[in-house]
Amino acid sequence: MQQETTLTKVASHAPSVAEPAAEHAEHHVDHLKMASFTYNIENSKMAMWLFLASEMFLFSVLIIAYIIARYAHPEEHAQLNVPLTSINTFILLLSSFSVVWALSGVQMGNQTRLLRGLAGVIVLGSIFFLLMMYEYSELSHHGITLAHPFGMAFYALTGLHGAHVLIGLVWAIYVFNRAFNGVYTKESYWGVEFWGLYWHFVDVVWIFIFTVVYLL
Amino acid sequence: MAEPKQLTSGSAHAEPHSARHATPGTYVAVLGALAVLTLIELIVVYLPFLGQILLLVIATAKAWLVLQFYMHLRYERKILTWIFLMPAIAVGILTAIMQFFVR
């Protein structure tokens, strides 16, 4: 904000000097404004990655806790539904592709591709979440509940991931609404990019959850 | 509410689009690689030896592909990669240290 105030002052003084000098001043102000936008976007991007890093801490610790519980209770682990989760993994990978498809759409100024990509994520993410709920109900019928040490480690890890998917879905609907209203353009799309980073992060975490929880 | 104008990462000068991000063709190729690696994982589960190590290597490769191409870390400053990897490295070291106290 401080920088923007200074810029306004420079701009207001520009007409009082000679014409070439005024042009130079205007060019300088434009350059400063551009640098200011770059600075803001770079800061926001850095903040987003710091947030994702903090999430990495959380999930890493929960994955380690799960590994300890899993080797202590191998019989419960055998009840996990690997075929269903494999389908869910393909669905989530496809949703990540849908994100970059939407992003490349807005980068090329293709609004239809942007909207289709976002709609694809909402549909695929919802299917993932519903299948996860079905898996939970199936497991609870087999006696794997929060009261069991294995269940506690399993639900803490996969449940937190599911909560992230849900938040990502709500965020996706918000982004879709803004895209539908034409907020994002070829020159301005960081709202899509930052939400995309979050969704891909959820995918990266799932890649490890699928391997560590279901396959190992 | 309009968004601020998007500019090239780390520079006020515009660069060609392909220099900053992967192309749609790359995105499709990465999706294919992710699908194939997942199928390989489902086969590796039944291997009698080295299965667990191979599974972890494949999972890391899949995550790396997403980070590099879908999250564009390949086209960003290296500091962002380190920021993201540091927590996993720290938890790995802490877990290794913990083993000495547990045993």
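Every residue gets a Cβ built from N, Cα and C, even glycine.
Nobody curates TrEMBL annotations by hand; they come from automatic prediction.
Lifted from TrEMBL, the feature list:
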{"type": "DOMAIN", "residues": "A:45-216", "note": "domain 'Heme-copper oxidase subunit III family profile'"}
{"type": "TRANSMEM", "residues": "A:46-68", "note": "transmembrane segment"}
{"type": "TRANSMEM", "residues": "A:80-102", "note": "transmembrane segment"}
{"type": "TRANSMEM", "residues": "A:114-134", "note": "transmembrane segment"}
{"type": "TRANSMEM", "residues": "A:154-176", "note": "transmembrane segment"}
{"type": "TRANSMEM", "residues": "A:196-215", "note": "transmembrane segment"}
Cβ under 8 Å to the transmembrane segment (A:80-102), counting only same-chain residues 6 or more beyond its ends: which ones?
113-118, 120-121, 124-125, 127-128, 131-132, 134-135, 138-139, 192, 196, 199-200, 202-203, 206-207, 210, 213-215
Mind checking which residues of the chain, 6+ beyond the ends of the transmembrane segment (A:154-176), have their Cβ under 8 Å from one of its Cβ atoms?
55, 58-59, 62-63, 65-66, 69, 76, 115, 118-119, 121-122, 125-126, 128-129, 132, 136, 139, 144, 146, 191-192, 195, 198-199, 202, 205-206, 209, 213
Overall pLDDT of the domain 'Heme-copper oxidase subunit III family profile' (A:45-216), taken as the mean:
93
